[in-house]
Amino acid sequence: MLNISHYKIIAIGKIRKKWIQEGIEMYLKRLPGLEVKEIKDSTQLKEEHTIKEIISKNEFLVTLNENGQSFTSKQLATKLLNSHNQNITFVIGGASGLTSSLNNLASWQLSLSPLTFPHEIARLLLIEQLYRAKTITQGGPYHKE
């Protein structure tokens with residue numbers, strides 16, 4: 001079973017749309033222990049500096065990137081389960097994305113889809129997928145095949 005308390009999300013920018021915030025809050029209630037750290041929009045270099053100050057060396061860093069690796073929900077659940085409860089930090093860039101040097105620091109880069117999403121929706125999708133991965137590993141009824 002996934003231990004969500006080992007996961008953290010660092011996200012650039014605020015959620016401005018109420019319906020997205022409501023969706024995020026719904027899934028966060030189902031994922032107690034998941035930490036979400038919001039960073040103020042700034043230049044990419046300032047955002048990178050702030051992110052580097054937050055992450056520690058023992059964290060497994062995953063950046064969300066349109067060129068990252070794509071998974072099915074079951075594959076993502078398996079990959080997370082096989083991480084052996086490492087401290088995993090997911091980083092979602094703002095409107096301008098993340099710097100290439102920050103992406104290069106990542107242990108792996110994740111693509112949620114070949115489509116491009118606003119960062120607010122990417123945050124909702126990632127949190128939903130973490131919830132889905134948790135239910136897949138628990139054998140719960142949420143994920144349908």
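Each residue's number is its place along the chain shown, starting with 1.
The backbone N, Cα and C atoms fix where each Cβ goes, glycine too.
Note that the coordinates shown come from a computational prediction; the quantities given were computed from them, not determined experimentally.
Checking the candidates G93, G94 against Swiss-Prot: the one annotated together with L64, L112, S113, P114, L115, T116, F117 at the S-adenosyl-L-methionine site is G93.
The Cβ of L64 (S-adenosyl-L-methionine binding site) has F90, V91, I92, G93, L98, Q109, L110, S111, L112, A122, L126 as same-chain neighbours under 8 Å, each 6 or more residues away in sequence.
In this structure, the binding-site residues under consideration are L112, L115, and the one with the smallest number of other Cβ atoms within 10 Å of its Cβ is L115. Reduced to three states, the DSSP call for L112 (S-adenosyl-L-methionine binding site) is coil.
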